[in-house]
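Structure, as structure tokens:
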Amino acid sequence: MTEILDGAAVAKLTNEKTANRVAKLGKPVTLAVIYDPQNDGSRLYVGMKSKKAAALGIQTKDIPTAADATTESVLALVASLNADPSITGILVQSPLAKGVKEREIFSAVAPHKDADGLGATVQGMLFGDALDDYTVAATPQGVMTLLKHYNIDIFGKQALVIGRSQLFGRPMFALLTNADATVTLAHRYTPENVLKDYLKRADIVVVGVGKPDFIQGSDLKPGAVVIDVGMNFVNGKAVGDVNFDSVQSIASYITPVPGGVGPMTIATLLENTITLAENYQA
């Protein structure tokens with residue numbers, strides 16, 4: 001029987017621990033969030049993060065970019081936040097305005113303030129399994145927390161990550177590799193027949209491609225663990241990349257959408273923020 005991985009419940013536990021850590025620190029903890037106010041999704045997401053942060057005792061400084069924002073203007077903003085001792089962590093909410101080079105912006109964030117672990121320095125250390133006191137991108141780290149909470153064995157397992165974005169796929173690949181899984185990274189140019197073969201062999205499948213019904217139960221190895229990072233809207237309803245109903249009869253574990261990875265992402269971002277405060281502001 002398939003067990004549902006309840007991200008909302010695990011996120012609640014994570015948030016309780018974060019709130020206790022914030023209270024114990026006894027100093028202001030502030031997360032600066034740079035975002036494009038023209039993007040409806042970003043505005044909504046930033047609002048959700050700010051509300052949850054406030055509930056945990058974390059202050060937020062939401063900074064909308066100008067309508068005519070350029071790479072240079074956003075880099076200058078990041079530089080000012082890097083130099084501001086009152087700012088604990090910095091989050092660059094993707095997507096930024098058209099024409100702004102996101103990778104340059106991510107990598108301009110000082111490693112000791114990189115709340116989402118997206119800069120080149122931090123991601124390079126992740127791939128070298130040498131993160132020390134830095135943080136990991138919130139979505140893949142949230143997935144790892146979820147797997148750990150449910151005591152899902154990763155060691156020696158065959159894992160398949162579908163999607164190679166800087167926010168999800170690449171750090172997810174590194175985290176699973178560092179946990180001693182044998183990991184395959186598939187992407188939009190992976191031939192369909194090759195992907196089908198990978199799916200049939202994978203013990204753990206983590207997918208985030210933004211395509212509803214991308215994976216069916218018949219694609220999977222019986223007993224596979226399925227982590228759905230996708231978020232799509234079909235007829236006004238939030239759905240993932242996995243056909244949930246068909247996979248339920250095949251998988252041993254599965255995350256629902258909503259209520260799976262999504263709550264873990266926000267909880268992990270705020271957990272990252274208090275970690276930076278403890279390591280670099282205490």
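Each Cβ is built from the backbone N, Cα and C atoms, and glycine gets one as well.
Now, the feature entries from Swiss-Prot:
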type	residues	note
BINDING	G163, R164, S165	NADP(+) binding site
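Feature map: Swiss-Prot annotations on the structure.
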{"residue": "G163", "record": "NADP(+) binding site", "CB count, 10 Å": "24"}
{"residue": "R164", "record": "NADP(+) binding site", "CB count, 10 Å": "18"}
{"residue": "S165", "record": "NADP(+) binding site", "CB count, 10 Å": "17"}
Environment of G163, R164, S165, the listed NADP(+) site - residues of the same chain whose CB lies within 8 A of the CB centroid: V161, I162, Q166, L167, F168, G169, R170, L185, H187, G208, V209
